[in-house]
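Here's what Swiss-Prot has on this protein:
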- Lys244, Asp249, Asp267, Glu328: Mn(2+) 2 binding site (BINDING)
- Asp249, Asp326, Glu328: Mn(2+) 1 binding site (BINDING)
- Lys256: active site (ACT_SITE)
- Arg330: active site (ACT_SITE)
Amino acid sequence: MKFELNDKKLDAIKADFELVFIQDKNLKIFNKEKDFFKLNNYKGEGALLDLNNKKLYLELKSLAYEDIRLSLCTAYKTLEKLNIKSVKLPSIIGDCVVRSFASLVEGVLFGAYKFDKYKSEKKTSTLEKFIISNEELNGKKFNKDEAKIGLERGEILANATNFTKNIVNEIPEIYTPLKMAEDAQNLAKENKNIICKIYDEKFLAKEKMNAFLAVNHASVHPPRLIHLSYKAKNAKKRVVFVGKGLTYDSGGLSLKPADFMLTMKADKSGAAAAMGIIKAVAELALDLEVHCILGATENMIGGNAYKPDDVLISREGVSIEVRNTDAEGRLVLADCLSFAQDLKPDLLIDMATLTGACVVGLGEFTSAIMGNNEELQNDFYLSSKKSGEYTTILHFNPHLRELIKSNIADVSNTASSRYGGAITAGLFLDKFIRKEYKDKWLHLDIAGPAYTEKSWGYSSFGAGGAGVRMCVNYLIQILRKAK
C-alpha cells in the first residue's frame, strides 16, 4: 500500500474514488446529496457508497486519533471489494499533525490485514494507493514535513504490529521455539542495526535457568533463549523488554480443558510483541539502546513433565513451589527477568499473556499495567491512551502478596485464593526483581487484546498485535522528555 501526500486541492487530484467525511452527522452542508441520502436512508452513520459519482461517504465521529483509525479502516474494508486502484481524501488533522497522519495510515493497514495463508481461496484487492490532499478537512494549514513524518511513522508502526500478528496467528505445528529463533535471526538479517543471539538448553542449564527448563521438560521441541538488541550511536536510555514466548501451552500435567486449550498458540504474544517493538525501533532509528529477551518453549504433557509439588530453584536463587503447571509463563519470565537485569536497564518491561484472570477482570480489549512505581505506571498509561491501545493500572497490595507465600519454598507459583489472579501473578514476578530495579520495572498483562476470536474496532479475528504501539509510543515520549 502506498500513501502519497499531494499538493493539489482535492478536486484537482485524479483518483478512482473519493472519501467524503461526515463529522458530527452534519448532513446540512451536503445539499447536492440530499436526495441520495434520503433514498438510502443515510443519516451520517457508518459508510455509504455512491458508485455513480465514485464517492464513499464516511462517518468521522471526531478528530480523535482512534476515530481517524476507525474511519480509515472502514473505508478500506468497504472499498477493497471494488475493482479500483486509488483513493483520494482530504487531510484529517486532530491535535497533532504527526499523530493524525500516523493514525490515518494505521487505520488503512489494519483494515487491510489478513491471515489467510491456510485458505485455499484467497481474497485479493486491487486497491494500492491512498492520495492525501494538502487541503485539510476543516480548512486549516499544516506543516507538510510533519505530515510526512506521520505517514512514515504510521506505516512503520502498523507494519510492526501486523508482523507481530503474523507470529501470533501462526499454528503451533509450524511455530516451535526453533521457528521463533529463526524469525528473530531473519529480523536481524533484514535490519543491520539489530543483533540477534540465540541460546540453547545447554546455556540455560549453565545459567541455572531451572524454572524455564522445567516448563520445557515434556516437549519434543527444545527451548530457546533469544536476545535481540539495537543500539543507536547517541542512545539516551537503555530499555529492556522481556517477552513470554510459549509457542504452545497445553497446561502441562495441570491439563487445560479442551475449550481452554483453543487459542493457546497465542501464548507467544509477549515475545511476538517484543519482536515487533524492536523492529519498529530500528526502522524509526530511535536514539535508544533496546534489548529484547524472549523465552521460547512449549508446555506439554509426558512422563518427564514437571509436576505439581515440585520445587524449582530459579536463576535468581529464589525457590518456587509448583502448585499448578498451567501457571508456567511466570516461571519462564522469572528466569528471563533475571537474565534481563544483568543488562542494567534504565527501564525494564515484561509482556505476557499471563492470566485468564486479567481477561475476566478487564475484558478482551484491555491490557493491565502493574509495577511498584506509580509515577512510571501513570506515565505509561497516559502514553498508551494516545497509541490506540486500551490499558488500565492494577495496583499491588500487601494482602494479595500474602496469598503467594509457600510453606516449603520462597514463593508459590499460584495464589491460595482464586481472586485477584492477575495481580498475584504480577506480585510473583516482583519476587524476582532486584531492589535496584523495583522502580524501573513494569509488568504488562496483555492476555485480553493479544488474541480474540472475533473482530472488533479495526482489529481482525485472531491476533491483535497488543503491546507494540503502546510501547513504541512510550519510547518516543521518553526521547521527547530527554531533549
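Note that Cβ sites are derived from N, Cα and C of the backbone, with glycine treated the same way.
Cα proximity to Lys244 (Mn(2+) 2 binding site) (within 10 Å) is found for the following recorded positions from Lys256, Asp326, Arg330: Arg330. Distance from the CA of Glu328 (Mn(2+) 2 binding site) to the CA of Lys256 (active site) is 12 Å. Asp326 (Mn(2+) 1 binding site) and Asp267 (Mn(2+) 2 binding site) have their C-alpha atoms 12 Å apart, to the nearest angstrom. If you take the C-beta of Glu328 (Mn(2+) 2 binding site) and look for same-chain residues 6 or more apart in sequence within under 8 angstroms, you find Val215, Leu246, Asp249, Gly252, Asn299. A distance of 12 Å separates the Cα atom of Asp267 (Mn(2+) 2 binding site) from that of Arg330 (active site). Cβ neighbours within 10 Å of Asp326 (Mn(2+) 1 binding site), excluding its own Cβ and spanning all shown chains: 19. Considering only the active-site residues Lys256, Arg330, the Cβ with the fewest other Cβ atoms within 10 Å is that of Lys256. Those residues of the chain, other than Asp249, Asp326, Glu328, with a C-beta within 8 angstroms of the mean position of the Mn(2+) 1 site C-beta atoms are Val215, Leu246, Ser250, Gly251, Gly252, Ser254, Lys256, Asp267, Asn299, Thr325, Ala327, Gly329. Take the mean position of the Cβ atoms of Lys244, Asp249, Asp267, Glu328, the recorded Mn(2+) 2 site; other residues of that chain with a Cβ within 8 Å of it are Val215, Leu246, Met264, Lys268, Asn299, Gly329, Val332, Ala352, Thr353.
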